[in-house]
There are 2 protein chains.
Amino acid sequence: MSPLKIHYPNGQPYHYNKENYNSQSKEQSSNYSNRGMSLEKEINLTNKQYLDDNMAVIHKKPTPIQVVKVDYPKREAAKITEAYYRRSSTTDYNGVYKGYYLDFEAKETKNKTSFPLSNFHGHQINHMKKSVEHGGICFTILRFVTLDEIYLLSSEFLFKWWDQQYKEKGRKSIPLSAIKKENFLIEYGFNPRIPYLKIVDQFIESRK
Amino acid sequence: MSPLKIHYPNGQPYHYNKENYNSQSKEQSSNYSNRGMSLEKEINLTNKQYLDDNMAVIHKKPTPIQVVKVDYPKREAAKITEAYYRRSSTTDYNGVYKGYYLDFEAKETKNKTSFPLSNFHGHQINHMKKSVEHGGICFTILRFVTLDEIYLLSSEFLFKWWDQQYKEKGRKSIPLSAIKKENFLIEYGFNPRIPYLKIVDQFIESRK
């Protein structure tokens, strides 16, 4: 499958163009089990549930937008009339859980056998490496859209695969078999829908 | 001084209108010691320095913007043609330092004798209360623009003053004298300009 067909979550709108936009809508309506919901929306609902249950405070960061022109009409809200999506220098989600700093990215792919590393950008990986270095817990929530499977990838696993791509004969994508073997499948829940904190608990346990 | 003259940092653009916009530019150009730099810009430079020095990973969240209309020109970046500033449901800055989750807000006022609590919104206070409950370290960096003094207010201090305003005879602003007495003056540095992590170190020490 061509990398052009990768389905980016809404958190990465610098890839927005009409083609991606349409393929996304099509994807969403054809996928039954997640009821047309984007991964971003499901994670937002999950985070809201965690907040309501007083378990954690995790939010999606707003999409970075470069504002070029603003109108200031009298007695009305400022209206932005020219702006562009910018690439984020960090990840999409962060917050606090059990005293730990959590920081993660959500990605989707239509691929069925591997996850292309081109879904990440170097600055996102660097941000996660730095955050881990300072004691944060970082990971990736990854959905294989066509398979309808969601995995939680540890940062160690991701960094290992990211770094190998620059070596001789390095692979440009992570095989699904390796993802299955070394990571966590997240089973859909009712509320929260994507109960990723259960897996974070295992990371915290392994630190003790 | 009327609350309308409060100088909001750029992080709160839902207050943007021509009047505030102009008063802000004027303020910035008349203030010598911070060389016309907004508090936001100074904190961003500080955070960049902390990142470069590998001390902490702290970022300002992007300004939340509600996108209404987007053009998708052929072979060009998506152009947003109608959008509005939204109010943030959290604070402006967060990140990780020494394994701790940090979360803070930056505020400026032209007042000389007190800080009006109307500079905060209930959801920001709630967000900070929740974050503290889950083990985060929250605070406010507050600049008295006219006095050219910067204080770091602990979350305990802020919550106490926030809550008292709803009691009978509650005050709607925090007197400068109380701020001076119970909080930390931040001395300008060269690099980083606003060395707030020194004070965070004291919070961390007091937890041990």
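Heads up, the Cβ atoms here are built off N, Cα and C, so glycines get one too.
Checked against TrEMBL, the range among B:1-34, B:35-68 recorded as region 'Disordered' is B:1-34. Listed recorded positions B:Thr90, B:Asp92, B:Glu105, B:Lys107, B:Gln124 compared with chain A at a CB cut-off under 8 A give B:Thr90 as the close ones. The secondary structure of B:Thr90 (Mg(2+) binding site), as reduced to three states from DSSP, is coil rather than helix or strand.
A sphere of 10 angstroms centred on the C-beta of B:Glu105 (Mg(2+) binding site) encloses 27 other C-beta atoms. Within 10 Å of the C-beta of B:Gln124 (Mg(2+) binding site) we count 22 further C-beta atoms, all protein chains included. When the Cα atoms are compared, B:Lys107 (site 'Transition state stabilizer') and B:Asp92 (Mg(2+) binding site) turn out to be 10 Å apart.
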